[in-house]
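Chemist: Take this structure, written in structure tokens, and hold onto it; I'll ask about it next.
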Amino acid sequence: MRRKAGMTKRIILANPRGFCAGVDRAIQSVQTILNTAAPREDDLPPVYVRRQIVHNRHVVDELAEQGAVFVDELSEIPQAAAQAGIPVVFSAHGVSPQVVREANELGMSVVDASCPLVSKVHREVLRFVREGYEIVYIGHRGHDEAVGVIGESPEHVHLIEHERDVDDLDFSPDQKLVLLSQTTLSVDETTGTIAALQRRFPWIELPPSSDICYATSNRQAAVKLVAEQADAMVIVGSANSSNSVRLMEVANEALGGRGTAHRVDDADELDSAWFEGVSAVGVSSGASVPDELVQGVIDALQRLGFTEVDTVETIEENMHFVLPAALRKRG
Ligand code: SF4
């Protein structure tokens, strides 16, 4: 699909893309606190947030500008804030029970903005451990979501990242085994890992429904369709956003060597050299990305001559999560 002289260069937008219900709820949680906090006479902020509320630099910077204070660990929050009832919000990725205990011990007022679909995996861990299972968990080592889920039962949850890690596992056939996974994995890559697990441990059970969430699979399916019609792709999303990085990988796979998928935080990171000779550039964004960043990329591509914009729509999403209980009266 390389460009012939005189051919119109076009952008193909993937839909669905961008914010998912869990990210929207997490951001709304912080926003609701910011909007409804009473003015203070001390120098305490209206809200603390443990870790990035969602893995997007722009979202975090914007909330920080409005007064939210982001911390890596609860120990960074002054005791005076807990005593004054300043809320601390847990991010969409969820936390391990150890963090919940620490917050309780410190007397903090917690607003848990963990995505309900992540919390579902936490509950699955607890249920399967109660029933005597060992759990093989496919996830990314060190990612906040994986750390939180494994923290539910570190001795019974066995993390693997890739198909090749299956060889490192060892279970006897009388050991009840179940598979769980991070919500933001690549659907295709996980299918390969599951097949390898089933070959090695044919008795392994799968969860009642896939842990890879609707937003992850919908965005990957849309990106695949777009990439099949494009000869370059731009995925908007931060480097630490698991679902954005997976989208880039899925896009690269679907481009099949005809072109390259690039991940950018925003339009400033685009390099015009990527689009030399390209006639159709696909665009999508991870689940934590505000659409104005995608619009910025579209504007920049239009300045590079990609004047036509088409959209490939695969499914209409209507998922919505209510605010955490602690905020419903405020919202
Ligand atoms: S990507 Fe999925 S699991 Fe993660 S916040 Fe969004 S809906 Fe929830």
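Note: Cβ is positioned from N, Cα and C throughout, glycine not excepted.
Per TrEMBL, the features are:
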BINDING   CYS20, CYS115, CYS213  [4Fe-4S] cluster binding site
BINDING   HIS55, HIS93, HIS143, SER241, SER242, ASN243, SER288  isopentenyl diphosphate binding site
BINDING   HIS55, HIS93, HIS143, SER241, SER242, ASN243, SER288  dimethylallyl diphosphate binding site
BINDING   HIS55, HIS93, HIS143, THR183, SER241, SER242, ASN243, SER288  (2E)-4-hydroxy-3-methylbut-2-enyl diphosphate binding site
ACT_SITE  GLU145  active site, proton donor
Chemist: I'm trying to understand the geometry here, so how far is the Cα atom of the residue listed as 'active site, proton donor' from the Cα atom of THR183 ((2E)-4-hydroxy-3-methylbut-2-enyl diphosphate binding site), in Å to the nearest whole number?
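Modeler: Here the two Cα atoms are 8 Å apart.
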Chemist: Could you check which of the binding-site residues HIS93, SER241, SER242, ASN243, SER288 is the closest Cα neighbour of CYS213 ([4Fe-4S] cluster binding site)?
Modeler: ASN243
Chemist: Give the distance between the Cα atoms of CYS115 ([4Fe-4S] cluster binding site) and HIS93 (isopentenyl diphosphate binding site), rounded to the nearest whole Å.
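Modeler: Counting only the Cα atoms, the answer is 7 Å.
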Chemist: Just name the most isolated of the binding-site residues HIS55, HIS93, HIS143, going by other Cβ atoms within 10 Å of its Cβ.
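Modeler: Sparsest of the binding-site residues HIS55, HIS93, HIS143 by Cβ contacts within 10 Å: HIS143.
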Chemist: Could you list, ordered by sequence, which of these recorded positions: CYS20, GLU145, THR183, have a Cβ under 6 Å from ligand 1?
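Modeler: Only CYS20, THR183 meet the Cβ criterion.
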Chemist: I'd like the number of other C-beta atoms within 10 A of the C-beta of SER288 (isopentenyl diphosphate binding site), please.
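Modeler: Cβ-Cβ neighbours of SER288 (isopentenyl diphosphate binding site) within 10 Å number 32.
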Chemist: For CYS20 ([4Fe-4S] cluster binding site), find which of the binding-site residues HIS93, SER241, ASN243, SER288 come within 10 Å, Cα to Cα.
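Modeler: So far as Cα distances go, the binding-site residues lying within 10 Å of CYS20 ([4Fe-4S] cluster binding site) are SER288.
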Chemist: Apart from HIS55, HIS93, HIS143, SER241, SER242, ASN243, SER288, which residues in this chain have a Cβ no more than 8 Å from the mean position of the Cβ atoms of those residues at the isopentenyl diphosphate site?
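Modeler: Residues close to the isopentenyl diphosphate site, other than HIS55, HIS93, HIS143, SER241, SER242, ASN243, SER288: VAL54, ASP144, GLU145, THR184, SER238, ASN240, SER244, GLY286, ALA287.
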Chemist: Compute the mean position of the Cβ atoms of CYS20, CYS115, CYS213, which form the recorded [4Fe-4S] cluster site, and then list in sequence order the other residues of that chain whose Cβ is within 8 Å of it.
Modeler: ALA21, GLY22, VAL23, ALA92, LEU117, VAL118, THR183, THR184, TYR214, ALA215, THR216, ALA287, MET319
Chemist: C-alpha of HIS143 (isopentenyl diphosphate binding site) to C-alpha of THR183 ((2E)-4-hydroxy-3-methylbut-2-enyl diphosphate binding site): distance in Å?
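Modeler: For HIS143 (isopentenyl diphosphate binding site) versus THR183 ((2E)-4-hydroxy-3-methylbut-2-enyl diphosphate binding site), the Cα atoms are 11 Å apart.
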Chemist: What count of other C-beta atoms do you get within 10 angstroms of the C-beta of CYS20 ([4Fe-4S] cluster binding site), across all chains shown?
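Modeler: That number is 29.
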Chemist: Ten-angstrom check, please: count other Cβ atoms within 10 Å of the Cβ of SER242 (isopentenyl diphosphate binding site), all chains counted.
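Modeler: So the Cβ neighbour count for SER242 (isopentenyl diphosphate binding site) comes to 25.
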Chemist: SER288 (isopentenyl diphosphate binding site) to THR183 ((2E)-4-hydroxy-3-methylbut-2-enyl diphosphate binding site): how many Å between their Cα atoms?
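Modeler: Here the two Cα atoms lie 13 Å apart.
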Chemist: To the nearest Å, how far is the Cα of SER241 (isopentenyl diphosphate binding site) from the Cα of THR183 ((2E)-4-hydroxy-3-methylbut-2-enyl diphosphate binding site)?
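Modeler: Approximately 12 Å lies between the Cα of SER241 (isopentenyl diphosphate binding site) and that of THR183 ((2E)-4-hydroxy-3-methylbut-2-enyl diphosphate binding site).
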